[in-house]
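Pulled from TrEMBL, these are the features on record:
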{"type": "DOMAIN", "residues": "223-461", "note": "domain 'CN hydrolase'"}
{"type": "TRANSMEM", "residues": "20-47", "note": "transmembrane segment"}
{"type": "TRANSMEM", "residues": "59-77", "note": "transmembrane segment"}
{"type": "TRANSMEM", "residues": "89-112", "note": "transmembrane segment"}
{"type": "TRANSMEM", "residues": "119-144", "note": "transmembrane segment"}
{"type": "TRANSMEM", "residues": "156-175", "note": "transmembrane segment"}
{"type": "TRANSMEM", "residues": "187-204", "note": "transmembrane segment"}
{"type": "TRANSMEM", "residues": "475-491", "note": "transmembrane segment"}
């Protein structure tokens with residue numbers, strides 16, 4: 001089969017690569033069908049055995065990656081459809097260029113490992129996924145290892161992180177190509193390997209003790225206003241959504257902490273004194289976390305405020321890791337002349353990054369690690385914060401991501417951060433999905449997508465620091481690099497070995 005497809009017309013193998021890449025994307029949220037990813041990757045690796053030269057292999061890898069990212073990241077057009085008249089023209093270009101650009105990392109992996117066996121290609125692909133998570137501010141979204149979030153295999157992230165899960169995924173897909181014998185035997189070997197990993201992870205997961213909050217655990221109120229992005233900043237609607245959050249804050253028994261989502265206060269901080277007084281009054285003396293924009297002219301910030309028990313700003317955090325082309329535009333002033341603006345920010349160039357890397361103190365509860373939206377996808381940055389927080393506190397406005405795939409993928413990554421660090425996470429989103437996540441990434445409580453409401457939830461306890469919390473990605477990446485270098489050396493030696501003459 002592999003030789004046949006490479007001997008046929010180019011469109012056939014490019015179509016196969018695109019189709020298999022698209023199939024691989026079905027392992028990501030919200031579909032979450034991990035077998036589709038494993039089967040698609042196994043077929044991609046099998047077909048690569050027939051690649052004649054590195055340019056053809058790189059092109060095949062690029063097509064497979066493009067198919068994968070087109071399907072997995074199709075929601076990326078949603079932000080451009082909020083203001084169709086201004087930004088709609090950019091939507092198809094954004095999707096095509098993002099998918100094709102991210103696929104270049106796959107092309108690099110496939111080109112470097114052409115004709116050198118499936119194991120080398122698998123290692124190269126894992127390293128390529130790592131590279132795209134760090135190069136040019138990084139984009140570790142829909143990593144191949146994310147297909148395991150919500151399963152027992154996903155709990156292994158507490159040991160190896162997301163890139164360790166990616167390595168497990170790709171190496172399992174390599175098994176059919178590495179196993180000797182007929183196609184049916186190879187397929188059976190791949191199935192057996194996947195079953196073995198799944199069974200071992202499930203058995204280990206079953207031995208982990210349950211996480212139950214103590215009787216005196218702090219009660220946290222999640223407030224979800226459900227403000228559609230195209231209405232969020234309309235003068236009349238913005239006040240309505242603000243009043244809705246005030247009402248949710250004032251209802252029911254007084255919690256120990258109330259959390260509002262990103263940019264939930266519709267005023268600049270320097271003009272928000274009266275609004276913040278209303279928030280403090282509604283909270284009945286409990287601390288409240290809100291999202292707000294602030295300006296220190298000419299700098300603009302996307303900020304999180306902790307309002308104290310007696311009123312006033314007790315602590316503040318400015319978002320440090322901004323979304324490229326969303327919250328800031330390189331050379332924004334110049335590009336604004338051509339109609340290209342940051343989607344989530346104003347003034348052409350958008351927001352200024354804050355210093356990051358710190359906790360905020362929540363009275364009566366302890367230190368929390370503040371994260372605003374996009375910051376929750378960067379595992380290494382979260383693990384670098386010291387001292388260790390009591391919990392992670394993520395506020396976001398996922399209305400930008402639509403309601404199909406983006407918010408579910410964003411939530412999945414929040415669950416992974418909790419597993420990696422052994423810390424619970426309070427996650428509050430404007431339109432959903434708000435959630436209380438325990439230290440093993442399990443959803444304790446949620447407010448569903450598109451629902452306005454509030455939930456009072458006991459804060460789960462933290463676990464001791466995990467192995468990954470101590471080591472980060474370093475050990476896994478160094479092992480992968482060493483394995484790749486060793487396999488590359490062996491492949492080159494094999495290629496130059498003189499053939500024995502045939503008698």
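Cβ coordinates come from backbone N, Cα and C, glycine included.
Just so you know, TrEMBL annotations never went through curation; they're auto-generated.
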| remark: Averaging the pLDDT values of the domain 'CN hydrolase' (223-461) gives 91
| message | Let me check one thing: do the transmembrane segment (119-144) and the transmembrane segment (59-77) come into contact, meaning three or more Cβ pairs under 8 Å with sequence separation of at least 6? | response | yes
| Against which stretches of its own chain does the transmembrane segment (156-175) lie, if we need a Cβ under 8 Å and a gap of at least six residues from its ends? | 37-38, 41-42, 44-45, 118-119, 121-123, 125-126, 129-130, 133, 140, 143-148, 186, 189-190, 193-194, 197, 201, 379, 416, 419-420, 422, 440-441, 466-468, 472-473, 476-477, 480
| query | Cβ under 8 Å to the transmembrane segment (59-77), counting only same-chain residues 6 or more beyond its ends: which ones? | reply | 13-14, 17-22, 24-26, 28, 44, 47-48, 51, 91-92, 94-96, 98-100, 102-111, 141-142, 401-402, 404-406, 409
| Outside the transmembrane segment (89-112), six or more residues from its ends: residues with CB under 8 Å to it | 48, 51, 54-55, 57-66, 68-70, 73-74, 76-77, 80-81, 121, 124-125, 127-129, 131-132, 139, 340
